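Taken from TrEMBL as is:
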BINDING   R338  substrate binding site
DOMAIN    24-328  domain 'Aminotransferase class V'
MOD_RES   K190  N6-(pyridoxal phosphate)lysine
Amino acid sequence: MTETLTYRHLFGPGPSNCYPEAIAALGHPILGHLDPLFIEILDRACDGLREVWGTRNARTLPLSGTGSAGMEAAFVNTVGRGDVAVVAVNGLFGERMCEVARRAGAEVVRVDHEWGQPIDPERVASAHPAPKVIAAVHAETSTGVLSDIAALGKLKGDALLVTDAVTSIGGLELLADDWGIDVGYAGTQKCLGVAPGLAPFTISDAAFERRIKDPQSWYLDIGLLGGYVGAASGSKRTYHHTAPVAMIASLQAGLGHILNEGLDAVQARHAAAGLALQNGLQEMGLELFAAEGCRLPSLTTVRVPSGVDSAAVRSYLLENFSLEIGSGAGEFASTVWRIGMMGPNANPGSVVLVLGALKEAIAKA
Ligand code: PLP
């Protein structure tokens, strides 16, 4: 394999998506999952997650699994056979929600929106007279669109509001309690600036009371997971599964970075970087994909100029600048690029680097 190593392997990737504290924590001695020091780290991680979720929910914890595990947990704990789940779809992850809810036994009422547009809270809330769950993605990573979850929360009635905050948590305003989010899930690898592997999850007491009591997933049964986090959730700690101690220590360190910098300052940094990138792309004559007024700062979508080979540009950026940008999703795979500005990458230097490198790549690739 050595001969296939490239510049990137030898000298590391380009700008890192992870906060230095989160990376450093991965190199610390690995504690046992029952070590009181680890329990303290877990408690602190849960406290930090409450801050970034904007919640006081006792049951706020890092699930062992990626963001999709959080999605599974959200649905298996809230819907069973025959329960109605209204799902707002304006991109790939809304679509995935439909599939996960269906497999959990729900009767899915899907409310489609044009990709690149935010969800319409009124249309979603009026799609069914008495759903058990209404679900929506706050920040659609596949299209770069931010939706108004607070507005949906006001209209949810008796339904439980399930929210995907994978690409907003830790970088954008997120106020789970104020907005009426009953169940929320996220990932660590986006604005939290931690490696992928955990799913920050939160569920209100009211939603917990209305949960599916014997869900088809043992591993993701939130009724059992209260004991896993122990004191942090007000429960007596009991063994559930062996905690991924290194990842949780890394999450705790990453959250520490965010809270030390200040949540407002971190959000302002993401907002400024996203806006500067979007302005710069438009100054280059490129057309943004997400509708104006709902563009995510953390993930910018831009149309590939006609005649330009999307994949060739992405390879050029990777090989020459160690910069990875995403292709589009679904039918936009080769006509849209997706550029992240997340965690430590959300800074003016990254913006200048991406704009300069992209200009060169478009000209030469
Ligand atoms: N939801 C959104 C909005 C996402 O962006 C992603 C992943 O990028 C997921 C869910 C799934 O998360 P994961 O890939 O960590 O399982």
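Going from the start of the chain as shown, residues are counted 1 onward.
In case you wondered, yes, glycine gets a Cβ from its N, Cα and C as well.
Note: TrEMBL annotation is automatic and uncurated.
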Sequence-distant neighbours of the residue listed as 'substrate binding site' in its chain (C-beta under 8 A, six or more apart): T141, S142, G144, L299, T300, T301, I325, G326, S327, G328, A329
Taken over the domain 'Aminotransferase class V' (24-328), the model's mean pLDDT: 96
Other CB atoms within 10 A, centred on K190 (N6-(pyridoxal phosphate)lysine): 26
DSSP state at R338 (substrate binding site), helix/strand/coil: strand
